[in-house]
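Colleague: This is the structure I want to talk about, given as structure tokens.
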Amino acid sequence: MDLKAYFELIRLKNCLTAGFGALISGLIASNFTFGALFPLILAFLVVFFICGFGNSLNDIYDLKIDRINKPFRPIPSKRISLTDAKVFSYSIMIFGLIISLFNIYCFLMAVLNAVVLQKYAKIYKKNKIIGNMLVAYLTGSVFIFGGIAVGNVNVSLYLFSCAMFSMWAREIIKDYEDIEGDLKEKVSSLPIKYGEKSIYISLGLLLIAIGLSFLPYLTGIFGIYYLLMILICNLMFLAGFFNLLNAPSKKQARKTSKNIKLITNFVLIAFIIGSIFK
């Protein structure tokens, strides 16, 4: 068994990132209570396995395209057979669902996300207008999952909302970058439908995320240290975005997309600081 190939199939780095997102969100929601550590370790494992399931499914359904565009991937390179990939992907999904039974609400959300991942891989990768929304939800859901695991979703809801809208904006920008390839593959996306106007739709979603990011301070959950850091993050968001508005191009779209992903990590740090220094 080629472990490296299976790690590549599930996209190990993405699975670890998602798992740690749930873990950190749960720690914030529990005010870093030691007793929350065990359910959060379980939450980490659930998110890791369900994310791995989704990533594996993407490779299974993309086999025809990957034979041409990405022949080095585990399945087209025949390091993993298609049958073995299917057995493996559904096995880790089952493992994830079994572990999620430690909390009925975690179990229900794990089932929901597994279904969404299945539908996305099978149907909505070609329809990015809906697909982007699903990816945004899935990204944000890891944070609310951590809150559910410790029985407190108040802060996690803010993290979920900010992450969902900022990632939704990012997905549209990525589509703007990929517009030529998507046209060839007959994929529907907002940039294909609306051209440069789609950048303003993306900006609108980002502004919603920015507006929501102030709520933890305005509602008294976090204090001035959170506010200062979130202000810096939001200014960085806007500065990068206006560069794209002033000079829309594939290169600038790629840069803006990377910036949003990076700054979202700083937003998570702002939530950590806010929860520690109230």
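Including glycine, each Cβ sits where the backbone N, Cα and C put it.
So Swiss-Prot lists these for the protein:
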| type | residues | note |
| --- | --- | --- |
| TRANSMEM | 12-32 | transmembrane segment |
| TRANSMEM | 34-54 | transmembrane segment |
| TRANSMEM | 92-112 | transmembrane segment |
| TRANSMEM | 129-149 | transmembrane segment |
| TRANSMEM | 199-219 | transmembrane segment |
| TRANSMEM | 221-241 | transmembrane segment |
| TRANSMEM | 257-277 | transmembrane segment |
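For each listed feature, how buried is it and what is near it?
Modeller: Sequence-distant contacts of the transmembrane segment (34-54) (same chain, six or more residues past either end, CB-CB distance under 8 Å): 10-11, 14-16, 18-23, 26-27, 89-90, 92-93, 95-97, 99-100, 102-103, 106, 110, 113-114, 117, 120-121, 138, 142, 145-146, 148-150.
Only residues 6 or more beyond the boundaries of the transmembrane segment (129-149), in the same chain, are considered here, and those with a CB under 8 A from a CB of the stretch are 18-19, 21-29, 36, 39-40, 42-43, 46-47, 51, 54, 103, 105-106, 109-110, 113, 116-117, 119-120, 155-157, 159-165, 167-168, 171-172, 175, 188-190, 193.
Beyond the transmembrane segment (221-241), the same-chain residues lying 6 or more positions past its ends with a Cβ under 8 Å from any Cβ of the stretch are 154-155, 158, 166, 202-203, 206, 209-210, 213-214, 255-256, 259-260, 263, 266-267, 269-271, 273-275, 277-278.
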